[in-house]
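What follows is a set of notes on a single structure, which appears directly below.
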Amino acid sequence: MAEGDTLVSVDYEIFGKVQGVFFRKYTQAEGKKLGLVGWVQNTDRGTVQGQLQGPVSKVRFMQQWLETRGSPKSHIDRANFNNEKVIANLDYSDFQIVK
């Protein structure tokens with residue numbers, strides 16, 4: 001298996017103006033476009049959090065997207081990524097918005 005094909009899982013939390021600006025919808029759409037699986041949800045702290053799973057090259061692209069792009073009306077202050085690990089199989093079959 002090539003390096004870019006290694007499956008990884010990583011948790012994320014995005015800080016800034018990320019609620020009420022369709023951030024979850026755009027995150028889900030971008031994740032699906034890249035073929036990633038996982039989830040995204042708003043938190044009570046005014047952040048957005050979730051988990052990404054997929055090939056490391058696609059996860060890296062999505063991490064950069066979460067740090068720098070987001071939804072058109074969002075303003076991202078920072079993105080935290082943690083608990084990254086190599087996985088043998090995906091835990092999810094889709095990219096879901098969790099309410």
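Placed from the backbone N, Cα and C atoms, the Cβ positions cover glycine too.
Copied over from Swiss-Prot:
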ACT_SITE  R24  active site
ACT_SITE  N42  active site
DOMAIN    9-99  domain 'Acylphosphatase-like'
MOD_RES   A2  N-acetylalanine
* Starting from the Cβ of N42 (active site), draw a 10 Å sphere and report how many other Cβ atoms land inside it. => 18
* To do: Starting from the Cβ of R24 (active site), draw a 10 Å sphere and report how many other Cβ atoms land inside it.
  => 21
* Asked: Along the domain 'Acylphosphatase-like' (9-99), what average pLDDT does this model show?
  -> 98
* Asked: How many whole Å apart are the CA atoms of R24 (active site) and N42 (active site)?
  -> 8
* To do: Reduce the DSSP letter at N42 (active site) to three states and note it down.
  => strand
